[in-house]
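Working notes, structure below.
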Amino acid sequence: MKFDSRVMLNSANNNSPQHPVSAPSDINMNGYNRKLPQKRGYEMPKYSDPKKKMCKERIPQPKNTVAMLNELRHGLIYKLESQTGPVHAPLFTISVEVDGQKYLGQGRSKKVARIEAAATALRSFIQFKDGAVLSPLKPAGNLDFTSDEHLENGIENLSSSKMFEIIQTMLTEKLSNPTSLEQPTFCMSQNVSKSAITVDGQKKVPDKGPVMLLYELFNDVNFECINIDGAQNNCRFKMTVTINEKKFDGTGPSKKTAKNAAAKAALASLCNISYSPMVVPQKNVPLPIDDKSSSMELPQIHADTIGRLVLEKFMEVIKGQEAYSRRKVLAGIVMTENMNFCEAKVISVSTGTKCVSGEHMSVNGAVLNDSHAEIVSRRCLLKYLYAQLDLQCNQATAYQSIFVRNTDGQYPYKLKSGVHFHLYINTAPCGDARIFSPHENDTGVDKHPNRKARGQLRTKIESGEGTIPVKSSDGIQTWDGVLQGQRLLTMSCSDKIARWNIVGIQGSLLSSIIEPVYLHSIVLGSLLHPEHMYRAVCGRIEKSIQGLPPPYHLNKPRLALVTSAEPRNQAKAPNFGINWTIGDTELEVVNSLTGRTIGGQVSRITKQAFFVKYGFLMANLPGILVRKVTTDYGQTKANVKDYQIAKLELFSAFKREDLGSWLKKPIEQDEFGLAE
């Protein structure tokens, strides 16, 4: 029997006691016909059984140390021992008694202190393989459990027998360090997101900014702007962050940039967290040839140390001659022994961006053809290598040299084991390493790796900046052609660094005395693009290089970018450059256009100067079998057969890759003799 709502309405209006009406059970008190979900002819998802919803299978979450301890020991009581510190930052101490022994834990909240007390108790009767961390109280974020990478985020369905190993790999350093309880402000906060560091030890770029991450990791973080240099339109800010009385500096064109740089330096030093573009695995950036288990990245703290040492040395040597402090490119070479950066030495410092003018070419090797900073720094290193071989000429000083006798090798001398050289440049070297847009796909994979512009040999332009492909040049350079007005072209710095990674940085003359010396790392102050930089310095010929005589090989230096990147300098490049080598009493200022010092003298790092030093070594160095030196400089270089073979194989590799032909200076430049 159907019920008509009009009956109820009529009866309500009549208020007649003779017509009592009782509403059915499926009608609410407002008079609307709303059937229960069970009586409807169809089902709606939102009316699903609530009991079934509660029974939905859940993914098991990791247990913290309190839960672990409660499973192993029942009836434990946690007591609040004390509360110290200010109101806004209290420090709680909680104890738990297990098997008659009391264990303490401290934290910024009672919950954290209880977890630490439980962890201390667990460590007393469970033997761990290594020291380790607490498992997180909650997942770091929304996780994709279908992904193979979900284990890195700390969520894993493990049995209780394996949970102890998880505790070991996830405890904070504070628990493994007894003194940490005395210094709670230096310990990491307990709500740190684990997404910045993976469980397997491999680093990836954090998904948070350095300042935010630093505040999450440490409780006591203080930033301070301590210095502002430069004019209003080109100022430089210096920020310092203090963490547990340790200071870390950062510089930048704005306070925000400087603050980020300081935070990056602190994270790299204290947590080994790097924001370097080299952290992200690149498609075309394979591992170094000498270490297949490591990445192409130099540790960030080492890169920052190298950059800081070079900058400090530059400021030191320029004192008193501030007029020559103007520069666009700064370079330097740092030497380490056994990778001990605490005792690293700055071998050379240089500035410069120009090449010699064609009218100032020298037939006596008395001018510097290329005054670009990185090229000059390498020539300063040559000066240092000659000085170190000089020490071998005297038995009383031989032990001070970085070289040792190579009794069982084909070369009389070799570097001591563990000696490494690191090149710093404040920007990417000119040429192939700098042919990219820094704001387009900054660190992504190159979408056009086969584009014709990629990897091309390029030349510097006389009396100018920038480079052009060698295919656009006039080919062979002649002395009379240059004097008549043809531009004198010099190979780009990217190409020369690629050459050093085949034949070494010791030059052709020293190659008859010592084994090849290679750069261990290259650190840039700005404009580091992993793929472009790797391709420029070694990647473009790695598939085509062949036939190198041992011990010559393709060297793959580690790459890094400093945290305090240098801003783009729009000022006009000066026509001079400076150079300094360890042991020099003062710096040398060279006019880049003439290739001579500003006083018109011959520079101390010219071909002529090195040929004289080479002649002295050949006459006095112990262990030299053939001491006769050809009076012609070019012929002496040609007599170093293995070096020449390696160099020709390099040129052939570029040709096989269709990257152009290596452009040489007029041959007359090397046709000079050894001074009597």
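Backbone N, Cα and C atoms are what each Cβ position is placed from, and that goes for glycine too.
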Residue in Cys342, Cys393, Cys430, Cys538 which Swiss-Prot records at the Zn(2+) site where His372, Cys493 also bind: Cys430
The domain 'DRBM 1' (61-127) - residue tally per DSSP class, helix then strand then coil: 24 helix, 22 strand, 21 coil
Residue counts (helix, strand, coil, in that order) that DSSP gives for the domain 'DRBM 2' (197-272): 28 helix, 26 strand, 22 coil
